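Read the structure below first, then the notes.
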Amino acid sequence: MAQTATTDPQLGVRRPALSPSRASDFKQCPLLYRFRAVDRLPEVPTKAQLRGTLVHSVLERLFALPKTDREPDRARELLAPTWSELSADNPEWAELFDGEDVQGWLESATKLLDSYFQLEDPRRFDPEACELHVELELESGVRLRGYVDRLDVAPTGEIRVVDYKTGAAPREIGEAKAMFQMKFYAVVLWRLRGVVPRQLKLMYLTDGQSLAYAPDEAELRRFERTLEAIWQAILKAGKTGDFRPSPSRLCDWCAHQSLCPSFGGTPPEYPGWPEPDPGVETALDRAD
C-alpha cells in the first residue's frame, strides 16, 4: 500500500484523488460534483465562508505561538493582519467588502474566537500539526487527499482529529455530512499510521458546542469500502459525462441553478475527465 503525507500539496505529480468535500458533493448531487471538480465553475464565496477561512487561519497561527501567548486577546490581535494577508493573496475577496465596514465584519469573527476559548484552553497542549495535508493511496488504487484542521497526539500515542466549524451545530443532513468528513480523515490517518484515531472532534464555534465520536476499526473498514464505491461511481460518470442532478432542499444554496436541468438550465459542454486533479480542496472548502 503506497502511503504519503505532506504539508506541501505541490510536491510531485498531482494524480486524480478523492477529497472529503468532493466526495460529499458527489453524494449530494453528481452534477454539483461535475460543476466543481470537472468544469471548475467559479463560485463567489459568501462572507460567512470568508469568516470561516479567516478564523481557521488565526487558530493555526495561534498554535504557532508559545503556549503562554495563546490567549483570547492575542487571538483577536491576529485577526486584522491575517485578513490583510489573505485578502492580498485573494484580491477578489476584498472586493466583496467594497464600501462596507470591514471592521464590523472582523468583529463578528472575534465572537467565534471567543467561543473557541470557551471550548478549550490552547495553553494546555501542543498539537502535532495544524492544517495538515494528508494523502494516501488505498490498495484498490483510490487516492484520498485532504486537510486536517488539527491533529493532536497524546504522549501515549492516542490520536485526536479536530475540525473547526464556523456554522451552528448541525442537524440531520448537516451532522451526517460533518461526520462523513471526519471518518474520511480517520481512514486516511489509520492507514498511514496504523492506529485508529481515539477521537474525532467537531468544534462548532457559532454556538459553542462540540461533537465527539470514537470510531472503531470495523467501522473504518466499512467506510473505506464506501469511499471506494463513490470513486468508482465518479470514474464511471467521468467516462461519459453522465453526472445527473439530484434535486433536494440543498438546491436552495447552490450557485449553479441557472445551469441545472432541474431548474430549466443547460450545463456547459462536457470537457472530459480533468487532469491532473479533480479532487482538489480549496481553503473555502476547509472552512465550512
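Including glycine, each Cβ sits where the backbone N, Cα and C put it.
Automatic prediction, not curation, is the source of TrEMBL annotations.
Taking TrEMBL as the reference, the stretch among 1-22, 67-88 described by the feature region 'Disordered' is residues 1-22. The domain 'PD-(D/E)XK endonuclease-like' (18-261) scores a mean pLDDT of 94 in the predicted structure.
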